[in-house]
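A.B. asks: According to TrEMBL, the protein has these features:
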- B:41-66: transmembrane segment (TRANSMEM)
- B:86-287: domain 'ABC transmembrane type-1' (DOMAIN)
- B:87-112: transmembrane segment (TRANSMEM)
- B:132-155: transmembrane segment (TRANSMEM)
- B:162-182: transmembrane segment (TRANSMEM)
- B:266-288: transmembrane segment (TRANSMEM)
Amino acid sequence: MELDIRNLTKTFGSTAALHGVDLKVASGELLALLGPSGSGKTTLLRCVAGLEIPSGGQILFGGEDASLKSVQERQIGFVFQHYALFKHLTIADNISYGLRVRPRRTRPTAAAIRDKVEELLALIQLPGYGGRYPSQLSGGQRQRVALARALAVEPRVLLLDEPFGALDAKVRKELRLWLREFHDRTGHTTLFVTHDQEEALDLADRVVVMSEGRIEQEGTPEDVYDRPATPFVFDFIGESVRLDIHVDKGRPFVGQQEVSIPRLPPLLFDGPAKLYVRPEHVAFRRDGEGLWATVVSLHRSGSSRRIGFRADGTDTVIEALTPADREPPRIGDRAALEIQAAGLFAA
Amino acid sequence: MSDSSVALAASLEEAPAAGSVAVRPPRRRLPTEEAPWVRRLLITLAVGFLALFLLLPLVTVFMEAFRKGAGAFIHAFADPAAIDAIILTLVVAAIAVPANLVFGVAAAWAVAKFDFRGKAFLVTLIDLPFSVSPVVAGLVYVLLYASHGIFGGLLQANGIQIIFALPGIIMATVFVTFPFIARELIPLMEELGNTDEEAALTLGASGLRMFWTVTLPNVKWALLYGVLLCNARAMGEFGAVSVVSGHIRGYTNTMPLHIEILYNEYQFVAAFAVASLLAALALVTLGIKSWLEHRYAGDLAAGHRH
């Protein structure tokens, strides 16, 4: 089921949580809503679910307007950060809850419900756990049960709100891989909210980066990591330093030195600007052409080494990443920096 | 604590046997541990206070009730006025407690699940019966509903009697016992939040279905606990009921009022016999409450006792 969100706005009292969001989700897509807290990603998810009433705009499920439908009518599956399993019910009763609350006409028979529960328990790799209670399960197991419970009602869209947020780092990674495989097998249109960029880039087909109630960028993980569209995305995803530079006659200058940056679109403005550079895009040589700088810091972390340079005429430290086994320069050494990729925005 | 001191003592005894220096190190106290005499003093104070002010009166009630033997005790209940008082008390509790169950759940739901203007005021209002003297509550009802009261004319014209009748007694009891259930539920429901309810709704449950299958099971122990406390207070309420009842023997006398009348008429054995019944009711309530607390605490901690 494809999803079409049109000009969606939401205000809480006098504060706006969403400013006219437009987003299309293809059928079977696994899409991540990524942003810091307060960026509106959870509000957007809850509006799609029908748990929040939007202040304006439309939400279409498969071309059909669902904006005015109640949460029950939307037939979505929702997975909460803290699982929200019913702790007085067994795992089997939790999973079958959505089927058992149906009106008699559409409710499956008891035998059909039992079969469905068994099938789902097998799918989440917890066969034989039906008689236990949620408190007897680990966090990762509970989250899988929550997923099974959401899937039992055969939802048209699966919505996950920080699904790994309450788990420890190791379980988080395992469950993330598991969810990716699970999605590839079941193919539900899935939206998940996260503030963890690694999670979003690792798991999603497409990432939507949000900030302050607006979409900053949407694209594949490669798009948002390699070609950040806005200063916010550069700051938020991956690592980068910001250099205050100057554009003169369409050419960028760091202090008095002109820098050459490959694949930069033509600069249509003059004046102060901001240059965002990732450490892995900085190369250095002891001689030749480039941005001349002095080594100011050396820092070994695991298999790589970070070298801090201060370019002539600036105060900002530009970091470069090199393998740890490569002979490092010494503090105070001079080097020519080559910036292999960067983002440039008018200040 | 006692285990570790035993272990310490054992190791100290072994030390001289091994041939080392026989100087016993001074027994060291934890920073949070009081000196033994302080501990003894505090325990004596607390136990003495409880014995003098709580236990002794309770024992006295039963002793006085049986002072002239079981025959006199039973005779006290042969009085039709006593039976009427017991029945009235049960009827009042049977109406006031379910009423407060409904109001309490509604108020707790409103406070815990919604944000609205005047919420803080509502919470304060719920506590009002705790802070205001029950006599004042009774007097206000008289002022409002008695024949010379504000609504008196209207009520009289329609042939409705509230003050000096059952409705007034029930209203006064509802007023006094209102906070017990709401106060028990609000903190728990606030802590639980909305997520379980939202999960039920996304799975297709109707609001009512969600309430019965998710909200109510989540708060059932707290609710039962609140109902018990509310019931105990409803049966024992004196002040507010005293003002609105009019003390009509066999008609508007509840058990506490009946006890007062008997006492004032120097029928001490009969007074204490009825009083012992009230006290026994309170003890049963307390017993169930402790059992519930035990069970309910386990429910919250482990979450898998059913």
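For all residues, glycine too, the Cβ spot is worked out from N, Cα and C.
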A.B. asks: Taking residues 6+ outside the transmembrane segment (B:132-155), which of them lie with a CB under 8 Å of any CB in it?
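C.D. replies: Non-local partners: 161-164, 168, 171-172, 175-176, 237-244.
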A.B. asks: Which residues, given as numbers and ranges, are at least 6 beyond the ends of the transmembrane segment (B:266-288) yet have a Cβ under 8 Å from it?
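C.D. replies: Contacts with the transmembrane segment (B:266-288): 58, 61-62, 64-65, 67-68, 72-73, 75-77, 79, 82, 85-86, 228-229, 231-232, 235-236, 255-256, 258-260.
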A.B. asks: Taking a Cβ cut-off under 8 Å, which residues six or more beyond the ends of the transmembrane segment (B:87-112) line up next to it in the same chain?
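C.D. replies: Answer is 119, 122-123, 126, 166, 169-170, 173-174, 177-178, 180-182, 184-186, 189-190, 192, 215, 223, 226-227, 230-231, 234-235, 241, 252-256.
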